Amino acid sequence: HTHTHTRLHCFAENGPRLSVVAEQSKVVSRRGGNATLPCKIQRDQSMAPNRKMRIKWTKLTSDYLKEVDVFVAMDYHKRSYGSFHGRVHLQGSSPMDASLVITEITLEDYGRYKCEVIDGLEDGTVVVSLDLEGVVFPYFPRLGRYNLNFYDAERACRGQDAIVASFDQLYDSWRSGMDWCNAGWLSDGSVQYPITTPREPCGGKNTVPGIRNYGLRDKDKNHYDVFCFTSHYKGRFYYLIHPSKLTYDEAVRACQKDGAQIAKVGQMYAAWKLLGYDRCDAGWLADGSVRYPISHPRRRCSPTEAAVRFSGFPDKKHKLYGVYCFKGHN
């Protein structure tokens, strides 16, 4: 959606003499990519030029309560903060351009950013969202279902090369057909699950399709599964051709011997969803689960749907499976 700026800026004597606009409210990128978050300054011509104009970018957290400093510029002084250090700079195509360029985007960069411009007594702000291409997947650990409090859920996703999904990310997945009957944590501390085919055990078959919401839960005391989100990776995900089936420990060693690591669940989902990876061989993954990714459904391999098929968390001593490995390149 493009906003046409046909509005005449007639600044009344006491009206705002400074405003800040973004030509788009959402920018889409991917992990490892770059993005430019737009922010343009519009000043009343009658204002004297001000070298001390201050531009500040912050990131809003999912509960809107806290803001994280990202970047500040005033005159020649520039500073970037925390995990953004060395990865952010102003586009600066003109003195009125406060757009922020973020490079080497990480999963954690997903979210809403605020551009704030302070010029003497005048100030203006605008909020821009950074969205990432990627895939949402439901996750529970070897312990079984409904074993994760919110902080365990965060660790579980991180362990699978992912982060806890946002409501918007889950909503997009639901619109693309995701149907999952187990409730999982989302990044705002709520617990929800997406249903496209209402049925008895999943809220009843007389209900409408949609995202079922348990509301905000106690992050320490309540236990659920989690929805994780991951995006493009730099590296190679592959099924290791090996003469025999392997136990879990043998699988770990076989990948190491090949100069790689046993793959994580998020890497399999990313390969499947973003690269169309398809392999009908059940293989060990780092968390001790056995899965295989099917993007072309066929008779013996996920006949009705493209999916990452899950064979459970078998006994680690069973010599019944192959292994999926991941080789990172930086």
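Residue 1 is the first one shown; counting continues down the chain.
Glycine residues also receive a Cβ, built from the backbone N, Cα and C atoms like all the rest.
Taken from TrEMBL, the feature domain 'Ig-like' applies to 16-133.
Under the heading domain 'Link', TrEMBL lists 135-230 (among others).
Per TrEMBL, the feature disulfide bond maps to Cys181-Cys202 (among others). Cβ neighbours of Cys202 (disulfide bond) (same chain, under 8 Å, six or more residues apart in sequence): Cys181, Tyr193, Ile195, Arg212.
What TrEMBL lists as domain 'Link' is 235-327 (among others).
Summarising the annotation, TrEMBL assigns disulfide bond to Cys280-Cys301 (among others). The Cβ of Cys301 (disulfide bond) has 16 other Cβ atoms within 10 Å, all protein chains considered.
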Could you tell me how many residues in the domain 'Ig-like' (16-133) are helical, how many are strand and how many are coil under DSSP? 6 helix, 61 strand, 51 coil
Sequence-ordered list of residues in the chain of Cys280 (disulfide bond) that lie 6 or more positions away and have a Cβ within less than 8 Å of its Cβ, or none, is Tyr292, Ile294, Arg298, Arg300, Cys301
State the mean pLDDT for the domain 'Ig-like' (16-133). 92
